[in-house]
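Novice: What follows is a structure written as structure tokens; I'll ask about it next.
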């Protein structure tokens, strides 16, 4: 009888232990399944975000249209920068050589350079908003030197016309033109310096930051 009782107790213990292990295994399986589903959802969400970013990147045009720019000022400023600096170098050379061919090249370069300076500083001048106090100071210097670039380049162009058609390439007249174009070249380089500072240090302009669009300013 005692042995029978022990046998029944042993069998009952084994049954309860087996049931407990089965319940624990089922619980662990559910937890693993839930964790796996969560991981799959997170992975799918990340993959969807990456695909969305890739689609956005691929949909962007490599060559932007003019309408995509908030302002055309960055496109216009390269003309006076290049043409006025090269014009100044040629004017210095022409003081020595006094060549009519060089004279005509200077006239054309300074005309386009002065026109580009005027359009950049007046017609296509970007209008800003919400600038920091320091950025406003930098912008003020940029505008100051831009004005000097306009005045000096126009003066250089008028002097070049007088030298070419009135004084017939007198060396002193050519020298006056060279001095004015050197001054305009210095002014445009200072303008470019403060412009680069605004863009690359003060972050004014990239992706239209702190700039009003042409449409917005028109309204």
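The backbone N, Cα and C atoms fix where each Cβ goes, and this holds for glycine too.
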Novice: Looking at 172-189, 190-207, which one is transmembrane segment according to TrEMBL?
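Specialist: In TrEMBL, the transmembrane segment feature sits at 172-189.
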Novice: Scan 50-67, 104-121 against TrEMBL and say which stretch is down as transmembrane segment.
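Specialist: In TrEMBL, residues 104-121 carry the label transmembrane segment.
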